[in-house]
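Encoded as structure tokens, the structure appears first; notes follow it.
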Amino acid sequence: MQQIQKVKAREIFNSRGWPTIEVEVTTSCGRVGCAIAPSGASKGVLEACELLDGDKARLSGRGVLRAVENVHTIIAPALMGKSVAAQAEIDSLLIQLDGTTNKSVLGANAIVAVSLAVAKANASVRGVPLCIVFHNLLTSEGDDFVYVPPVPMLNVINGGVHADNRLAIQEFMICPVGRRSFRESMEKAADVFHRLKGLLKQYGKSTNVGDEGGFAPDLSSTEETLGLLSEAIGDSKESVKIALDAASSTFYKDGKYSIDGKLLNVNEMVDFYAAIIEKYDIVSIEDPLYESDWESWQVMTRKLSDKIHIVGDDIFVTNPKIIKKGIKTGVANAVLVKINQVGTVTETIESIKLARKAGYKVVISHRSGETEDLSIAHLAVACGGAFLKAGSLSRSERVAKYNEVLRLEEVFV
């Protein structure tokens, strides 16, 4: 009953209006798992390769029909008769079929959609939520699931490559902490979100939104933005903190960081972060430095890791081998997890296990090109107490993730 009987792929569209791939896995008992590959705007140089058609005459070369064909002609025949419960075996086969370190032959977009669809089909066969399948992969067999609410990180002001404004830092987030439930966290976040919108209108700023649903006003500097965000948080500062995704590789060139009209060297950049941490209630900074500058990451980790979460995204790309190196060399103290960065459920689970064992905080994350797929909500719930970074409280493909956690909370509490 658990055997794979059919694998079907199709080209659909993501929240940025570009094609992506959706995969359906059907079992011999008629159960179906359906998953969609997300897509990033700012990508780590070592992350798994999204396979695009490259035909400029069609969809600016960003079609994914080659990835769809790879599912139908290469992956599907190899998976026929396999059990959807054999996640590790199937993911290993997908990696073997591709044969490259970055999944560039079949495409990480094809592979991740298949891998997630298998996990969802398994959940359907078992009659359990997807988060239970993820929990079983994360823990020893027989361990009971204990619900611990994720902590939302909501990207309320967009900058960098996610918005058409002057802000170098890509994401300014609010993070409700210390709440007893995810619902309480979201209610607190919603209050701040609407106060921020009111302040933007009051100051004559645009309330248009960026790729991830956050406001994208034309603010002039990091300090102006943090000041505005602090004003919106107001009396809630004990329970609502600020988190940043600098995505610093996007404003780094020739050894300098171009931010707020200045060119800073790495020491000045670290001092910049230290200063704003002292001034504002910042609890987390993601990708604060250039992704290939491991030595400077070590310096910043030693200097600031007792004050904030230093989150590795582009530097780690959810790759267990790279995360292992980071842990060994003292780089960062938190790991951002994006399933499509590494390409399979099994490798993602391994990365989370490594991070947790080393005492690193785990942040489950969306991408800028998202869809209605809810897998990351289930992964965040499975991790127990992890951060969930899924965008803002506008754009349905973002809010859907938070709403799914609210539904799951009702099931487990």
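We number each residue from 1, going along the chain as drawn.
Backbone N, Cα and C atoms are what each Cβ position is placed from, and that goes for glycine too.
Residues Asp245, Glu286 are recorded by Swiss-Prot as Mg(2+) binders, and the candidate that the same record lists for that site, out of Asp218, Asp271, Asp306, Asp313, is Asp313. In Swiss-Prot, the (2R)-2-phosphoglycerate site is described by Gln170, Arg367, Ser368, Lys389, and among Lys188, Lys197, Lys338 the residue recorded at this site is Lys338.
The two recorded residues Arg367 ((2R)-2-phosphoglycerate binding site) and Glu212 (active site, proton donor) have their Cα atoms spaced 8 Å from each other. The recorded positions listed here (Glu212, Asp245, Glu286, Asp313) include Asp313 as those with a Cα within 10 A of the Cα of Lys338 ((2R)-2-phosphoglycerate binding site). The local packing around Glu286 (Mg(2+) binding site), expressed as other Cβ atoms within 10 Å of its Cβ over all shown chains, amounts to 28.
Of all the recorded positions listed here (Glu212, Asp245, Glu286, Asp313), Glu212 has the Cα closest to the Cα of Ser368 ((2R)-2-phosphoglycerate binding site). Taking only the Cα positions, the spacing between Glu286 (Mg(2+) binding site) and Gln170 ((2R)-2-phosphoglycerate binding site) is 10 angstrom. Taking the centroid of the Cβ atoms of Asp245, Glu286, Asp313 as the Mg(2+) site, the other same-chain residues with Cβ within 8 Å of it are Gln170, Glu171, Leu244, Ala246, Ala247, Ile285, Asp287, Val311, Asp314, Leu336, Val363, Ser365.
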